[in-house]
Each structure stands twice: as C-alpha cells, then as structure tokens.
Amino acid sequence: MQFKQDFFEQLEGFYSQVYPLPISNPHWLGWSDDAAQLIGLEKPNAELLMQLSANYAAPGASYYAQVYSGHQFGGYTPRLGDGRSIILGEAIGPNGAWDVALKGGGPTPYSRQGDGRAVMRSAVREFLVSEALAALNVPTSRALAVIGSDLPVWRESQETAAITVRLAKSHIRFGHFEYFFHSEQGDAAKLTQLVNFTIQQHFPHLSTDAAGYKQWFYEVVQSTAKMIAHWQSVGFAHGVMNTDNMSILGDTFDFGPFAFLDTFKEGFICNHSDHEGRYAFGQQPGIGLWNLKRLAQTLTPIIESDDLIAALNTYQFELVQQYLLLMRAKLGFSQPNQSPNAINAEEQADLGNKDLQLVGQLTGLLETNQLDYTNSLRRFGQLDPSSAHSSLRDDMVDLAGFDTWYQAYQSRVGEVADVNAWQCERNSANPKYILRNYLAQEAIIAIEENGDNSKLLQLQQLLQRPFDEQSEMEDFAKRPPQWGQGLIMSCSS
C-alpha cells in the first residue's frame, strides 16, 4: 500500500497518535478482492497479514485515532473518539484515496477504559455487511479483510479478538464538527479548518468561502437522504444512528447491531439496547433529519441560519425522490422521465404521491400478513402484470386487501410489451439474497466451534451477487428457521 497523510499532516489537534497492539497467531478469516482493488492491492500475502495485524509496521503508515463527540440516543456526549479503531493513513488507489483503519487495533486515548479490541463475531459481521451493502449498490464503507487470532478478550464471557480492516473514503463524521463547535467555546478557527479540509479533500468542485460552505452543507443533506432512501428500499436497519456514526459523505459505516428485515415490520428494532425504538427501521428517515439538524447547529458560525434551514428543508423531498426511484424500479413503475408524454411538475408530484401510496399499501400488506420483505419483492420478477393471478397472492391472508391493491398496481404498470425483459428488470432491482442475521450467526458459530471459515467465505461469495439466481444456493434465500427469526443483536463488540 502507498499512503498519503493529509489528515495527519494538515489537522494537528484533531487526533492522537497511537500505535496498534499486535494480535497473536493472526490468520485471514476473510478477504475482499473487490475492496482490495480500490487501493491497488491484489492477493493477500504473509507480509501484509503481519502489517494489518499490527505485528509489523506498515511502511508509510502514521497510526492515529481521531477525536470527536456526538449525540448518542439523543443525548450529547462531549468527548468520544476512536476507541478501538486506529487509522494508518489514506491509501492511494487507482480512483482515489481510501482511509485504512484497523478496527480492534487496541486501546487509544478515547477507549474510555475499554480494551480497544473487537471480538471475532462483530468483526465478521462488519466484513459481511460491507460486502453485502456494496453489492446492493448502497453507499457504504468497505472491509478489506477480517483477521482472526487466538488472543482472548472478555465481554459477557471469554471470546477471541479479531481485526476488521476498514476502508472508508473518509472517517469524518457529524461528531467531528460537534466536538469542535462545542469544545472551542465560540472560536470557529478549528471548525473552519475542518470544513475547509473536508471540502478540499472530498468536495473539490466547491470553494472554501461562504458560497462554497452553503453548497457543501446542501450536498451533505442530499447524500444523507440518498443513503437512508437506499436503506429503506433494501430493508436495512442500522441500529445505532448516533451522530458520531454518521459519515459526512453519506456512506454507511460503524456497523453494530444492524439487521436486514426478514418479515416486514415498520417498527422493527435490531438493537436490544434501543428500549424505546428510537432507531427502529421506520424511524430512520426522521432520525437522519434530526442528526442533520445537530450538524447544522455546529455550522452556524460559518453558514447563515437561513441557508442552513433552506438546505434542511430539501431533505424530505430528496429522500422521497430517491426512495421513489428505487421502489419504482423494484415494482416496475415507469419513471416520469420515461413517459412518452412529458408531464409537468404538478403532474409529477401527483404521480409521486400515488406511487408512494401504492408502495405504502404493499408494505402494509406485507406487515399485516407477516410476509418476508426481500422474498416478496423478488416475486415481481416472476410476475406477468397483465395476468389476473399473482403468486404473491398465494401467501396472503387478507385476500380482499391484496386484490384491491393488485388492481391499482396493474393499472399503474399498464401494458408491458416484453414480459420477459420486464421480469429481468425486476430481478435486477430486487435481490434474492441478503445478509440475514441467522446466516451470519451460523458462519460465526462455525469459526467459534471448529475454526472453520468456509461458511463465511461461502456467504461472502453469495452476497457479492445478490441479484443472481445462484440456484445451488437456494437455501440461503429461505426465511429464517424458528431459532433465527427476529434475532436482536447487542452493541457489545
């Protein structure tokens, strides 16, 4: 890897230099060729293993942990920071630079009495979900590798430590801006320095002046809305949408007790610490805006309040438009720009409202009838929209409700000239395979009990091609067995 050190060299006082501690008996549990290509790597090798397990120093690495704060479950915590993630620097790839971080690399000044380690189960889950979301075209950080060890660590019981090698276009979070806004007591120098750095590194088309700051925040609002629209469309629940877990680039990261929906449930909670359902699946769009408002507050020294409010007011529209774009592709609705006759803005808005109503009625039917979200949407790839019968009806208990919806659906889709092509388009928009919690758990158990990572590798391969039939992997598309239904994870890692 070839590193540059822009954050380390230009933002002194925004981090603490700290060196990772090695893990014993390191071994590859998983490796992503796709992620490796992003930073110009090819195959894993023994020397790289020793570098990424902190047994050898990586040439050109600086090793540091960033400081930030954040709102956690709605309450402000004035000092957080990287408690178990140590950044090596920005690795230069063929199409840009990516931060390389060792998640589980050991204690830092921000560990808050923790050991700075990650347990194998959380490292494996982060590796797999990074692969899964990337293949689903959801904006996300990546995981280059997961490295196992025989180093014991204590959580509720003894487990083994592991390291996830995370790649991110940036590790700058909403919480970075909160920290320097609240801790500098009205001195905007460091806040301005951070905004300028963020723009120069990641928004180079913008200027570092009042006009540039205004446009930058608008683009942050837009990218956040787009990310969450993607989450809602694929049934992804993040679980811990604290502001310190929000990327300034609108990429998904900081994976903890996440889950994909099995049975559709608007109020699904995947984090057993979320007693009030603050971060429930259906709450995510609203929390995205709440978090953006916390970010906007920090920017008041450099951006006019009216401009911040104007940008925030675009969030809901952008979220809905992105969600509509994705759901129309899933259900086979023509996009407004595909219409043979141009329609004006008022007609587009009316069509959008009707489409949202149809989508909401469908998800309502899925919830009422306790149906699997992913499998139900995949059925549209076998549907002839001109046929009076839909196989989706066979799963319904509320037949009258479905029939009413289906008639409206057929009217919206209209006549389809080439049914086979239409079905292929639906299959390219609706995945057959997702990372179900029980599948990840089976891979983890195989490693824990037998040191066998074959299930992990099989699952990784499957998730890299979620839209393909992969008929030999059919069992992975089934609804969870009884023991795997509604698994709720903890933040313990």
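Cβ atoms here come from the backbone N, Cα and C positions, even for glycine.
Listed in Swiss-Prot for this protein:
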type     : residues                                          : note
BINDING  : G81, G83, R84, K103, D115, G116, R166, R173, D254 : ATP binding site
ACT_SITE : D244                                              : active site, proton acceptor
BINDING  : N245, D254                                        : Mg(2+) binding site
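When the record's ATP-binding residues G81, G83, R84, K103, D115, G116, R166, R173, D254 are compared pairwise by CA position, the greatest distance found is 23 Å. Fewest Cβ neighbours within 10 Å among the recorded positions D115, D244, D254: that distinction goes to D115. Sequence-distant contacts of N245 (Mg(2+) binding site), defined by Cβ-Cβ distance under 8 angstroms and a gap of at least six in the same chain, are G70, R173, H238, F253, D254. G81 (ATP binding site) and the residue listed as 'active site, proton acceptor' have their C-alpha atoms 8 Å apart, to the nearest angstrom. Of all the binding-site residues listed (R84, R166), R166 sits in the most crowded Cβ setting, with the most other Cβ atoms within 10 Å. Classification of the residue listed as 'active site, proton acceptor' by DSSP places it within a helix.
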